[in-house]
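Visitor: Quick one: the structure is below, questions incoming.
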Amino acid sequence: MEINSITLRQIKMDLLYPFTTSVGTEYDKDIILVEASASSGVSGWGESVSILEPIYNEETVQTNWHIMTDFLIPKLLAEPILHPDEVTDRFKGVRGNYNAKAALEGAIWDLYAKTKNISLAKAIGGVKDKIEVGVSVGIQDSAREMLKQIEGYLQEGYKRIKVKIKPGWDLNILKAIRREFPDIQLMADANCAYGPEDIDHLKALDDFKLMMIEQPFAHDDIIDHAKLQAALKTPICLDESIHSVEDARKAIELGSCKIINLKIGRVGGLTESKKIHDLCEKHQIPLWCGGMLEAGIGRAHNIAITSLSNFTLPGDTAPSAHYWKQDIIQPQVEMKDGYISVPEGPGIGYEPDLSRIQELTIKSKTFKN
Ligand SMILES: O=C(O)CCC(=O)C1=CC=C[C@@H](O)[C@@H]1C(=O)O
Ligand SMILES: [Mg+2]
């Protein structure tokens, strides 16, 4: 593929509702969109999951813009790309910055699928025509509010409920949820809020029939997670700790987790995601696709990766209306009976809504070959 130009746009979107985890609250999102245009006039689109503060990982919208502009885009435009799998190798000389890399690589994968006139899901080896949808519920002001939210989501048909926990908002809230909903598919995400000193406290989580406990310990730990997994019946799921197929291999070898939350942005793109998928399938480690409050472009990429065979657990890819008054794609992502259909159209299968994107754009720059 001959890439004619790459355009970066920074958009700002208000979330319908604030989203609180153990690391902070988000009310709106600044998002970097990537458009990779070929000489044929066809464009591929990607979306970075970085936010304005380095609270989930070390990247921000600002670091993305710098690393993309000064290092990654020049490597992309240096020579034609025959296959999107080449992009990860081209970016090897740049350490980390996985969100920035994934956004650019995602646009190339979308462009590649469009030039082949196949869906992105098909291009990366997807096998499903619909995916199960779960929902991630932020920390609420009260248990009553949490129970009301969960009731509503179950009525909407979500297949799995993920609640956020942290010290002081864990055993009691899970007890209240289980009293009200004894049999629902329920999991808890701690977003690194605990440490090895909490192992005895965390053993009590085995009483709540959780599907998994996500990322209880530090964002860069796998050894203490292995100690905790040995002490718990409940499967540990790693999110923040897994940045590559090598991280996944080490976590599996150490027994640090029994499930992995895969996020395309956290691991640097779809090519690395496929490698992690295949390794986990080989070791019977189920995957699900985590969310980063993406807009429609990122959401479309998440739907595509979730169509792969070893994504056997409901993910966080909720429909557009769960996050935004109006998304940046047409049609918006919709859910029916707890499922989202995998688009069959070329590439991501959703049209970027250029007028909506224009309306939301606060900064843009085009880089030409
Ligand atoms: O996109 C969604 O609906 C899931 C959001 C979510 O749970 C998260 C978003 C961003 C960072 C994290 O704190 C958290 C997660 O760990 O998955
Ligand atoms: Mg998480």
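Including glycine, each Cβ sits where the backbone N, Cα and C put it.
Automated prediction, rather than curation, is the source of TrEMBL annotations.
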Visitor: The Mg(2+) site in TrEMBL lists D189, D239. Which one of E151, E156, E214, E272 belongs there according to the record?
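Guide: Mg(2+) site check in TrEMBL: besides D189, D239, the record includes E214 out of E151, E156, E214, E272.
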Visitor: By Cβ count within 10 Å, point out the most packed of the active-site residues listed: K164, K263.
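Guide: Result of the Cβ crowding comparison: K263.
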Visitor: Closest of the recorded positions to K164 (active site, proton donor), Cα to Cα, picking from D189, E214, K263?
Guide: D189
Visitor: Per DSSP, what is the residue tally for the domain 'Mandelate racemase/muconate lactonizing enzyme C-terminal' (143-235) in helix, strand and coil?
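Guide: The domain 'Mandelate racemase/muconate lactonizing enzyme C-terminal' (143-235) comes out at 46 helix, 13 strand, 34 coil.
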Visitor: Please work out which residue of D189, E214, D239 has the most C-beta neighbours within 10 angstroms of its C-beta, and give that one of the binding-site residues.
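Guide: The largest 10 Å Cβ neighbour count belongs to E214.
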Visitor: Centre the Cβ atoms of D189, E214, D239, go out 8 Å, and tell me which other residues of that chain have a Cβ in range of the Mg(2+) site.
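Guide: Surrounding the site, in chain order, are K162, M187, A188, A190, N191, M212, I213, Q215, C237, L238, E240, N261, G290.
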Visitor: Expressed to the nearest Å, what is the distance separating D189 (Mg(2+) binding site) and K263 (active site, proton acceptor) at their Cα atoms?
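Guide: If we compare the Cα positions of D189 (Mg(2+) binding site) and K263 (active site, proton acceptor), the gap is 14 Å.
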Visitor: Rounded to a whole number, how many Å is the Cα of D239 (Mg(2+) binding site) away from the Cα of K263 (active site, proton acceptor)?
Guide: 8
